[in-house]
């Protein structure tokens, strides 16, 4: 027909539809653009917009739909899909509601599924509380979308139950078809199992999540978006561990067409994790390149600049990292608080606690927070800067006073202070008392007592503080203390002593009967004396010999110690001409001794002890003078000392 009449509208339109049915979207769009005079927007607007949509030219598709003179039902359906891809969820929700309200055909279930997908996306990415649409969850797609919405709200347990229900419905619906194999069912369930694994990961069950993720990857699903999300989640589980596995998983996130399957926030999260992985693998240039690219795409986002600062810290360039964070805080005051907290942490890591305190005090929106006050007081106390710590307390208390004045403006009725305000005053008073600032603490305690005159604990602290400054005032205040009668507590002492956890438990006395009872009564108040154990005496103890009174002292501290004699064998060495003998040579002649033992006993053996009673044991003997030969003393370790460093 086109050979006969190349501008035949019906023939051209049929050719475009045939090309679309065959998946040749680019060629079909080329035919439309070639015959723009014949194929006007009124004639072929839907086909042109659909080709642009399938070729991922979403903005062009939107313009084509909006330029159409007549909005048909087909264009409205496509318009909803285009808005979803552009992440304009509010407009998309309105479009699908209008479609469901004004159409009645066999595609109603698909429209409801798309509507629930929009609600799930709002809950997940925009943190919008989803409204109850009243959709009956009869299909596994509706159950899955409902579970995704619950995940966005943080209701993980309910979401897991919905996913389990969706899994059952999916198996049931697919098993009814005889042509569907078990592999096909598992492939269809992959996205449901992936969401289950994500919930496990959020619940801290990382081992179970990792196992399920790997099972899905082994199935080799055709959905590149699903594979990219699973690979990214595995990388987040690995963190700085198992880096080799993470580098392999990154390849799955770089597959062709991934950018058209995922939302902007999903793609952004994947890029963040790529930059962090580059930092963990010491690829500094790659890390800087990725983080700079992310910062150019989202200048107000915190993560890119935090990654750059972390990389600089790994390179020991802390000053440069702090400067980078300071520049970002100046350019984006809305995010300055989080950046300054990071700067303070870096200063603390460098040991500059005072500078860290200055940075923290510059965060005006957090100055009065109890956590910030506690941190600053602790850090100033560590630096022994008590005046600055008290100043932090004072500023926080003044802030709450001004806040209460603004809240109660025009009201003359007495308003009690808030619990946080009173808590700060009490902590300030305790801190001042601890560091000897009695006069400053008294004013805080008086303010507390004024708020609650029945608080005995505060009154006792006030009296204690005044007793050191103004004893007369302390006596006057002591009259406000309750009497001892009113303060007496009805306490069962026996039950208290026998209670669990008591430090002292009184032993129950045994029953006395018969003679024992009479004996106990006869003795009266006489206390039973403890028997002393007899001390053990040494084996060679001789009662006839007086013990050495200095036997417990070290040898060096005894009065008769003469020091170690050097060269004890010099007397045995012959002197003079060759062949001559010394005076002591006769002593060395064994043949002149009356009876010499065949062998010399070892020191400490039984043979070394003489059998005669006239020999005084060495433990009790006081030597008359320094011996001729002296055994080498072994140096004893000091008591309580241990070897090693």
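Heads up, the Cβ atoms here are built off N, Cα and C, so glycines get one too.
Caution: TrEMBL annotation is automatic and unverified by curators.
As stated in TrEMBL, the feature coiled coil covers range 58-113 out of the listed 58-113, 114-169. Per DSSP, the repeat 'TPR' (190-223) is made up of 26 helix, 0 strand, 8 coil. Computed over the repeat 'TPR' (190-223), the whole-number mean pLDDT of the model equals 93.
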